[in-house]
Amino acid sequence: MEPSKQEVPKLMETPPNISNDSSASEKGEATRQQQLPNNRYALTVDEVIEQHIGALGFAQILHAVLVSIAWIFDAQTTLISIFSDAQPAARLLATGAIVEGASLCGLASGEWEWIGSKSDTVVSEWNLICQHKFLVAVPSTLFFIGSLFGSGVYGYLADSWFGRKKTLLLSCVLTFVTAFAISFSPNVWVYAFLRFANGFFRSGIGSCCIVLATEIVGKKWRGQVGQYGFFFFTLGFLSLPLMAYLERKSWRNLYRIISFLPLGYAVCLLPFAYESPRWLLVKGRNKEAMVVLKKLARLNGKQLPADLSLVDPIPERDDQTSSSEKFWKTKWAVKRIIMVMMAGFGSGFVYYGIQLNAENLNFNLYLTVAVNALMEFPAVFIGSFLLGVMNRRPLFSNSSYLAGVACLLCAVLSIHRVIRTISVAKWLQLAVEAVGFMASSTAYDVLYVYCVELFPTNVRNTAVSLLRQAFMLGASAAPLLVALGRESAMMSFIVFGVASVLSGVVSLWLRETRNAPLYETLAQQGKAEEIENETIMST
């Protein structure tokens with residue numbers, strides 16, 4: 001409701017306390033309206049969204065879908081190695097008997113052949129078996145290491161110079177260039193280098209998508225909107241078995257197909273997305289931020305008051321210290337990001353490890369990957385529902401515990417004696433693995449949303465990118481364990497299970513953020529949390 005000129009709210013210099021009670025939080029935020037000359041009044045971005053635009057409307061849903069489509073390409077470039085780097089079956093030329101794994105090592109090259117053509121996968125094309133078997137893990141490991149370094153660079157660009165939208169555009173275009181170049185790799189070393197480059201350049205997609213989607217919605221809906229991206233990630237994951245099956249005779253053609261999708265998105269759809277009004281405001285581009293907010297209001301069938309302006313979150317703009325420098329000098333922020341990254345390392349290790357470890361199950365690879373992809377859908381919907389009714393911290397930790405227990409059960413079901421004793425052991429293992437993957441997917445998705453809420457606007461993309469670095473660092477170790485799993489599937493599942501449980505334990509030291517406001521600067525958030533802590537101590 002628009003305040004009248006006679007009833008302009010008083011300026012309150014103290015930021016409101018954070019409260020898990022939504023009505024108390026809204027009441028606290030309403031006291032931050034600032035009286036300006038000429039009978040104008042100013043609100044924060046949160047207040048404009050809650051009071052005038054709407055916490056969630058057609059504009060926010062459309063924008064979230066538009067930016068989240070890019071997650072499809074993130075999934076495809078990340079998980080394509082499940083098929084391109086798989087080891088196909090081989091057969092003896094004399095008898096036609098199927099031989100796999102270590103059985104090939106004692107045979108002369110003229111005694112066996114790959115089933116299918118040599119161009120099916122990189123393993124068959126470059127004979128990455130026996131003494132060269134660990135070379136298969138190198139391209140995937142370097143891909144995740146590239147993502148680790150790229151996340152830091154893109155996080156800095158998105159929070160400083162480029163903003164969220166331009167950084168996403170850059171990431172999509174360079175993902176196309178490197179993915180297309182991979183299809184011309186002459187040997188495994190060039191292939192590994194280009195996978196590193198592809199991982200580096202695609203790493204800006206996920207962090208920019210989730211920040212762009214969540215920064216323009218009300219606090220009640222941040223968790224649910226943050227899940228939209230993972231729905232599209234699931235679509236990308238689910239599309240891979242189909243594309244890989246159609247191009248099962250050429251791993252190079254598979255790369256060429258997925259390379260053109262991010263280019264088409266960057267040219268045809270991304271120009272219609274909005275830059276984050278929060279980032280524009282932090283950068284002093286108040287008029288542009290107001291233009292974006294007016295467009296959102298108009299799409300929701302509303303109109304902003306003519307005498308409304310935005311509260312400047314950084315009143316002293318002569319301070320030339322960058323946001324990243326302030327971030328590493330802020331004690332509470334450094335402690336928090338270390339905890340987030342520790343949890344993220346374990347979560348990323350397990351999430352990507354279970355997917356890559358699909359080849360070590362006693363099932364058809366296309367079927368196993370399709371089942372895992374389908375399990376992402378209930379993970380997204382269950383996660384969206386639980387984010388609306390549960391606190392973030394127990395939701396993440398309990399999901400991690402469930403994933404860990406499922407992995408340990410898979411380890412038991414991998415024992416040959418158990419397989420021989422239980423006739424349905426293979427099906428039971430697939431079911432348990434699917435539940436474990438669903439739980440790890442929920443934990444992975446929730447931690448992204450949790451990180452968005454734990455840090456303010458001027459370092460939010462940096463924080464999410466650091467979390468993504470932790471995810472990728474964990475993921476970079478997964479291919480090596482998967483290669484070991486070809487010799488001992490039980491050991492790989494045990495390691496994944498323990499890592500998942502430990503990541504859940506680490507999260508117990510993080511602050512709860514459900515229904516908390518999104519702050520714009522480190523100083524603003526630090527002061528608000530300090531006041532809240534004092535209030536809790538005094539009660």
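Going from the start of the chain as shown, residues are counted 1 onward.
Just so you know, glycine gets a Cβ as well, placed from its N, Cα and C.
Quantities reported herein were computed from a predicted structural model and do not represent experimental measurements.
So that you can see what the record holds, here are the features copied from TrEMBL:
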- 1-10: compositional bias 'Basic and acidic residues' (COMPBIAS)
- 89-515: domain 'Major facilitator superfamily (MFS) profile' (DOMAIN)
- 1-35: region 'Disordered' (REGION)
- 53-73: transmembrane segment (TRANSMEM)
- 134-156: transmembrane segment (TRANSMEM)
- 168-194: transmembrane segment (TRANSMEM)
- 200-218: transmembrane segment (TRANSMEM)
- 225-245: transmembrane segment (TRANSMEM)
- 337-354: transmembrane segment (TRANSMEM)
- 366-389: transmembrane segment (TRANSMEM)
- 401-419: transmembrane segment (TRANSMEM)
- 431-451: transmembrane segment (TRANSMEM)
- 463-484: transmembrane segment (TRANSMEM)
- 490-510: transmembrane segment (TRANSMEM)
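For the transmembrane segment (168-194), the partner stretch with the most Cβ pairs below 8 Å, chosen from 53-73, 225-245, 366-389, 431-451, 490-510, is 53-73. Taking every recorded stretch in 134-156, 200-218, 225-245, 463-484 and counting its Cβ pairs under 8 Å to the transmembrane segment (366-389), the highest total belongs to 225-245. Between the transmembrane segment (225-245) and the stretches 53-73, 200-218, 431-451, 490-510, Cβ pairs under 8 Å are most numerous for 53-73. In this chain, the transmembrane segment (431-451) lies close to the transmembrane segment (490-510): three or more C-beta pairs between them fall below 8 angstroms, excluding pairs fewer than 6 positions apart.
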